[in-house]
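Enquirer: Shown below is the structure under consideration.
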Amino acid sequence: MSAVDATRPAFAADILGMFDPELLRMTAVSEELLELLDGFFSRLDRHASDEMVGIARDIAQTRSELRRLCPNQIGDSLPQAGAELDAITRDTETATNTILSAAEALMDLDEADPGMKDKADDLVMRIFEACSFQDLVGQRVSKVVRVLEQIESRIARLSEIGGGGDAAAEVDAAEQRRRDLLLNGPAVGGPETSQAKVDAYFN
Amino acid sequence: MAKRALVLEDSRTQATIICKMFQKAGCDAVWVQDPASAHEALKAGQFDLLVLDVFIEGYNTLDHLSSFRELAGNVPIAVMTAGRIDDPESGADALNKARRGRVNFLLPKPFYFDDIKQICEDVDAYWQAHTSQAIAS
């Protein structure tokens, strides 16, 4: 490193000679530092640029996958599934009321009435009729299950695209309280708490 | 003598309900759970009515009406249909298939005892007319 460049014209040396040599040395050091930094930043920019291109590619791929998942179809299915569940509730309630009314009427039949057998037969037939709701409920439940399976498979694909596995679900305070109080409805295949356990609490 | 109905229904619960209704209406009901058993029963026995459910697991009876018609001969066929709210055209489709398959009665679900009773009366009338024609010829 030299404070004065030999290739410079003589008048330049005269001018430079007017400055403090220490200042000139610092200027030269600064120039070298600037060159170093320039190289560093150009490498940094290229790296960042590559990263940005990669992110843009991922976003484009995700968007294309999302289009293929047809979210609009799920949007159409959900209200339909809701309507099916409403119908199940309505059908079940109607059938239960019919069965209960017929059972009550059966209990009120007069043994001394000569027409009791026919009346009982008619009431039993009403119970049979009411029980036929089971077939339609089965079909409605199948439709809802199909919609849920559709949503499940699409969410699974979305999760794959995002590259994420199943993260542990966070439980908020309300959900934790529901779980603590066992108010999360009947368990599949049986009650949440066995009858033996319930009996044990009281013994 | 009581008429005999062959009932093809894959749900045991539904079969119980339907058979009880037919019995109450004065018709003996024989239940089969799958199409193959229905074919065997039709080959083996004499029936006055064939009652078919539409959706049997993996099988749509409406698409196989010709085979049932062939085995049943001139026995009246009743088809139990269920409307599908996700497919409004399915009702029309079922009706057209039933007509093409020369189905005599349609029983849209849910149906009631009075509907079964009416079909039994119509079946009686059908066989009476059939017998009269046979005697006349």
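Yeah, the Cβs are placed from backbone N, Cα and C, and that goes for glycine too.
Just so you know, TrEMBL annotations never went through curation; they're auto-generated.
Just so it is clear, the model here is predicted, and its values are computed rather than measured.
OK, TrEMBL features for this one:
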- B:4-124: domain 'Response regulatory' (DOMAIN)
- B:Asp53: 4-aspartylphosphate (MOD_RES)
Enquirer: As a quick check of your reading of DSSP, tell me how many residues in the domain 'Response regulatory' (B:4-124) are helical, how many are strand and how many are coil.
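Expert: Its residues fall into 58 helix, 31 strand, 32 coil.
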Enquirer: Return the count of C-beta atoms lying within 10 angstroms of the C-beta of the residue listed as '4-aspartylphosphate', excluding that atom itself.
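Expert: Counting Cβ neighbours of the residue listed as '4-aspartylphosphate' within 10 Å gives 24.
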